[in-house]
Amino acid sequence: MEQTGRIIKSISGFYDVLDDETEELVRTRARGNFRKRKIKPLVGDKVKFDSTGDLGYILEILPRENSLVRPPIANIDQAIVVTSSAEPNFSSNLLDKILVNIEHNDIEPLIYLTKADLLNDEQYATLKVTLNGYHEVGYQVFLDRDSYNEQQVADLEKTFTDKVTVFTGQSGAGKSTLLNHIDKELGLATAAISQTLNRGKHTTRQVSLFDISDGLVADTPGFSSIDLMDITPEELPTLFPEFLRYSGQCQFRGCRHVNEPNCKVKEELAEGNIMQSRYDNYLYFLNEINSYKKRY
Ligand SMILES: Nc1nc2c(ncn2[C@@H]2O[C@H](COP(=O)(O)OP(=O)(O)OP(=O)(O)O)[C@@H](O)[C@H]2O)c(=O)[nH]1
Ligand SMILES: [Mg+2]
Ligand SMILES: [Zn+2]
């Protein structure tokens, strides 16, 4: 019998599929022909599958709306970028890189600050100014000093309904801890980064989707760095929403906002309407992307 469902977990060659009709979990394997065609099913994939026996088989992966490489997941509506203040330290470069990757995949990013309790008052005040800048860019930002402020957690949870949400961000930022606060029954493993480094592993090893507040929410393994391999120099400026607001007024169409004359983006930067750190990171990423081209 042919059914449809969504992969919510993958464990060493098996895929747990949530049946659309029965809402039951079915353990499946991917048919050999996927491997031959080098198609790897991802958590989040909508699939056709067959489960007449104990074990089902994935027959077909339905077309993806989008997919991320890091973390590996498909068909996502929004990404919660869990951003730690300390241990690991806040890095605007890493945050912007994550945001650019998410924008590239047409997924809506939200920023969630963690570990601000580890900062002194002055450090927190400075970080708040920076994060308010991201709010100006148009992102929803959760920046309470207490990551687990009840009202804030409830507001976050409200965004999950009828969506597929992925928690992403640096290893040790507190993704699993935050999820445990949202759903007390999850009991996800968490660990201090010193322990993580000692083991040389990330605490969360797999992507899995959970049913929370009438939506699906994924915990994912963190990372320490990501690249911009899929992004072209032409596309990069379009992944900064605040640049897009002004780029129509640049003299040159396709202006990269670097050395071109009469660049509205650079004018707005000089006026303080674009964050210097975002612009600096933009130039840094543009360089990085150009250096990939030289190498290959
Ligand atoms: N002080 C403080 N510690 C936190 C906070 N959030 C998380 N932690 C701690 O940070 C450590 C890492 O948290 P995890 O939830 O395991 O981090 P993760 O993002 O899931 O990490 P990976 O699974 O490796 O990607 C744990 O020891 C948590 O207790 C916070 O808001 N404040
Ligand atoms: Mg984790
Ligand atoms: Zn320009």
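Just so you know, glycine gets a Cβ as well, placed from its N, Cα and C.
What TrEMBL annotates here:
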- 65-226: domain 'CP-type G' (DOMAIN)
- 74-224: domain 'EngC GTPase' (DOMAIN)
- THR114, LYS115, ALA116, ASP117, GLY169, GLN170, SER171, GLY172, ALA173, GLY174, LYS175, SER176, THR177: GTP binding site (BINDING)
- CYS250, CYS255, HIS257, CYS263: Zn(2+) binding site (BINDING)
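Where TrEMBL records a feature, it is marked here on the structure.
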residue: THR114; record: GTP binding site; CB count, 10 Å: 24
residue: ALA116; record: GTP binding site; CB count, 10 Å: 21
residue: GLY169; record: GTP binding site; CB count, 10 Å: 26
residue: SER171; record: GTP binding site; CB count, 10 Å: 19
residue: ALA173; record: GTP binding site; CB count, 10 Å: 26
residue: LYS175; record: GTP binding site; CB count, 10 Å: 30
residue: THR177; record: GTP binding site; CB count, 10 Å: 18
residue: CYS250; record: Zn(2+) binding site; CB count, 10 Å: 21
residue: CYS255; record: Zn(2+) binding site; CB count, 10 Å: 22
residue: CYS263; record: Zn(2+) binding site; CB count, 10 Å: 20
Problem - Nearest of the binding-site residues (THR114, ALA116, GLY169, SER171, THR177) to CYS255 (Zn(2+) binding site) - Cα to Cα - result: GLY169
Completion exercise
Nearest to SER171 (GTP binding site) by C-alpha distance, among the binding-site residues CYS250, HIS257, CYS263, is HIS257
Completion exercise
Candidates GLY169, ALA173, LYS175, CYS255 (binding-site residues) with CB under 6 Å from ligand 2, in sequence order, are LYS175
Practice task
Report, in whole Å, the straight Cα-to-Cα distance of HIS257 (Zn(2+) binding site) from THR177 (GTP binding site).
Solution key: 40
Problem - Spatial neighbours, same chain, of HIS257 (Zn(2+) binding site) - Cβ under 8 Å, 6+ residues apart - result: PRO237, PHE243, SER247, CYS250, CYS263, VAL265, LYS266, TYR279, TYR282
Handout entry: Where the C-beta lies under 6 angstroms from ligand 1, the matching binding-site residues among CYS250, CYS255, HIS257
Key = none
Practice task
Go through the binding-site residues THR114, ALA116, GLY169, THR177, CYS263 and pull out the ones with a Cβ less than 6 angstroms from some atom of ligand 3.
Solution key: CYS263
Exercise for the section: Kindly state the mean pLDDT of the domain 'EngC GTPase' (74-224) in the predicted structure. Expected result: 94
